[in-house]
Amino acid sequence: MALRWGIVSAGLISSDFTTVLGTLPRSEHQVVAVAARDLSRAKEFARKHDIPKAYGSYEELAKDPNVEVAYIGTQHPQHKAAVLLCLAAGKAVLCEKPMGVNAAEVREMVAEARSRGLFLMEAIWTRFFPAIEALRAALSQGTLGELRVARAEFGKNFTHIPRSVDWAQAGGGLLDLGIYCIQFISMVFGGQKPEKISAVGRRYETGVDDTVTVLLQYPGGIHGSFTCSISAQLSNMAFVSGTKGIGQILDPCWCPTELVLKGEHKEFPLPPAPSKEFNFTNGAGMAYEAKHVRECLRKGLKESPVIPLAESELLADILEEIRKAIGVTFPQDTR
């Protein structure tokens, strides 16, 4: 049976995800509805992607009995309301990262999903790329020995993009780019809670974080660090080092196709998406997370074993603590 998707928001990321679903077997994935706050945009999106239903409100999509799972592709500050709306209507939910602007928002969504017995997952698509799965397998086999340190960098000049510098929309580097770095460090260290977090950073003139460097100390004397920036070009690589060697995820580390493990270079081609155009780098790789959601739902799972809800809560806690350390608050923090 095909998994029936409803797309919440007709923006660029939603377009890429819908394009990807169209490359997968129709017997497994079908997009049955799209909603935008402007009906004309929803209709235009539906025409482009050949979707049977277009709604001018998220409420209408949530009420559509044909929708099994909702993909939330709105801006960060709108995630919570959209997720809670879809959960209240009995839908499974895949929500773009970051799930919430702060830890309180994430906890509220997680509690709602658990109380209703519904599937909820944060769309950290990176974790489903074969290059990352290969690294995880190597770590679990002890290929790198005892782990000591992990590091990640993600930075580009996004200051010309209004959303990236918009304080009201919780812009800045941490929530958009830093989450990729911290999820990598959290992944290689097994989702442990850091014992100590220290951060330094500069703010952009609008009040969002511009460039931030973070040091995380974990139990057992291991540590991770990352730098993220919306104004500086960084290496956009990630690595983990142990007593027997180093594993490197090459640029683009947030959607990687290359892994160097103890000097051995491995390539993992993207899934085929002939004649398809994407708005974001390696957009075809969204297929991996879509397949994972279907597998979880077919097994009757309420959360992903790869991105468990407790880890989504932990990532939100860490990001919030970093923001406090560098003095960045958003309007959503006072609600």
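Including glycine, each Cβ sits where the backbone N, Cα and C put it.
Feature list (source: Swiss-Prot):
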type : residues : note
SITE : Y71      : site 'May play an important role in coenzyme binding'
SITE : H79      : site 'May play an important role in coenzyme binding'
SITE : K97      : site 'May play an important role in coenzyme binding'
SITE : Y180     : site 'May play an important role in catalytic activity'
Statement: For Y71 (site 'May play an important role in coenzyme binding') and H79 (site 'May play an important role in coenzyme binding'), the CA-to-CA distance in whole Å is 10
Query: Any idea what the Cα distance is from Y180 (site 'May play an important role in catalytic activity') over to H79 (site 'May play an important role in coenzyme binding'), rounded to a whole Å?
result: 18
Field: Distant-in-sequence Cβ neighbours of K97 (site 'May play an important role in coenzyme binding'), under 8 Å, six or more positions away
entry: E122, A123, I124, I179, Q183
Query: What's the most sparsely packed of the recorded sites Y71, Y180, counting other C-beta atoms within 10 A?
result: Y180
Task: Could you tally the C-beta atoms, other than its own, that fall within 10 angstroms of the C-beta of H79 (site 'May play an important role in coenzyme binding')?
output: 27
